[in-house]
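*Asks:* Quick one: the structure is below, and I'll ask about it shortly.
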2 protein chains.
Amino acid sequence: MTDIITIQNNVLTILEKVKMQLRTNPHFDSVKTKSNQNDLVTNRDIQIEKEVVAYLNEKFPNAKIISEEGFGNHPLDLSGLVFFVDPIDGTMNFVKSHDQFASMIGVYNNGQPLFGAILDVIQDQIYYGGTSIGAFVNNQKIPILADPPLNEVLITVSNHLLQSEMSKYQKLVAKSSGLRIFGSAGIVFTRLLLGKEYLYIGKFKPWDLAAGLAIGQAIGINATTIDEKPINMIKSQLVIVGTRCATQQALDVISRV
Amino acid sequence: MTDIITIQNNVLTILEKVKMQLRTNPHFDSVKTKSNQNDLVTNRDIQIEKEVVAYLNEKFPNAKIISEEGFGNHPLDLSGLVFFVDPIDGTMNFVKSHDQFASMIGVYNNGQPLFGAILDVIQDQIYYGGTSIGAFVNNQKIPILADPPLNEVLITVSNHLLQSEMSKYQKLVAKSSGLRIFGSAGIVFTRLLLGKEYLYIGKFKPWDLAAGLAIGQAIGINATTIDEKPINMIKSQLVIVGTRCATQQALDVISRV
């Protein structure tokens, strides 16, 4: 296995390049829909993903890459070193509000989280870390999170779930301090990492989760599927992410509805 | 009537003082609940409101003040010059996430919006303006907004409405580009002013709306009650705020549910 310092240096180097590109030129020339009218991809998602994949392929020729826009290599298993790449997470925000989007790279070894990095482009903040090194924002160490109960914390439930299973999640929101919706998994993870909120439920693709979970596990953030099974990082799943107490109380509420 | 330049200078002066206080010391010593478990007030809301009210009373001794924490003078009508003061809008965010809260002052003359100012404390941005002077953010003029259709825009529906009348607002969200929830009317107004979103529906107190509407009317943002009546700035109401086309389409969707 390649050592974590080499991984960290390379991931932060390529995300720094992405940051310079997106801050210098935050525009796009074309936008298309994917699975539905609100699932967007721009030429910038594609251009950035291609550059990140090319960089990682050069630096880590034996690693696999799973990436949002499909320019990785679609592995069937997670053996060895695997990079999960989301070039622009929150493409709708990138297109409509020009803020609250992120670039993310998560690095796993034999299916276990090793390292993650989330770049909040507009706020110019990079969050990174892993269980063996801790969590950081712009080189400042992030402390271990508190473990507050559900009624004391802000939570995020994805739009999709609110629309499809309202009665269940309505009850959950009512038991919390309030619902916040940002439209980018990466941005929500940055808020979880800083203890601004403590619970996040949604249907996630592997690249939505990989970076945030790798960083978060260092400071008390865990995740399971909504039926409390381990997450499968090859497929899309309904997942609950959060600190221990709020997560357990949320699962209790949801299972009783 | 006192001239608008005097009003602008004084409102921006007192909000600058509020900003320095809240940025220097963003903490609170005590927090209490008001109408429900998620309606909070801290000692800072009270301290700041008292200072703002004292300042305005000194500078505008003949004006009335309507303020969130009740240190204004509870007028029964809107004749003459009226200041609406919200010392910390988004107190839950102030307490839990330490960002995405605002201080707001709206100034009305005989019930008509004259001037408004919204301070985004953490982003260090002050939005201000009125129909006679235009809209500004940190002294930069904000252009007149575009008038996009509902399906092309991000929207905010308040937590309260999502919880209480889900079927109606679920349909509305599905017709938009997506739902965003920030937990502060002031923060949502700053996003409306910059065209990051174009529609906002919620149950509002006068001090939630006064500043944002006064600024927004200069660049194409309007508001009515949800049954398309003029807003009464003395009481709490269900209000739709937005640009023309998105607002009309939203009202069509809601009225058909």
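For all residues, glycine too, the Cβ spot is worked out from N, Cα and C.
So TrEMBL lists the following for this protein:
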BINDING   B:Glu68, B:Asp86, B:Ile88, B:Asp89, B:Asp208  Mg(2+) binding site
*Asks:* Fewest other Cβ atoms within 10 Å: which of the binding-site residues B:Glu68, B:Asp86, B:Asp89, B:Asp208 wins that one? Let me know.
*Replies:* B:Glu68
*Asks:* Only counting partners 6 or more residues apart, tell me which same-chain residues put their Cβ under 8 Å from the Cβ of B:Ile88 (Mg(2+) binding site).
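*Replies:* Residues satisfying the criterion: B:Leu22, B:Thr42, B:Arg44, B:Asp45, B:Ile48, B:Phe94, B:Phe101, B:Ala102, B:Ser103.
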*Asks:* Specify the secondary structure state of B:Glu68 (Mg(2+) binding site) as given by DSSP, simplified to three classes.
*Replies:* coil
*Asks:* Taking the centroid of the Cβ atoms of B:Glu68, B:Asp86, B:Ile88, B:Asp89, B:Asp208 as the Mg(2+) site, which other residues of that chain lie with their Cβ within 8 Å of it, listed in sequence order?
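*Replies:* Result: B:Val85, B:Pro87, B:Gly90, B:Thr91, B:Ala102, B:Ser103, B:Met104, B:Ala185, B:Gly186, B:Lys205, B:Trp207.
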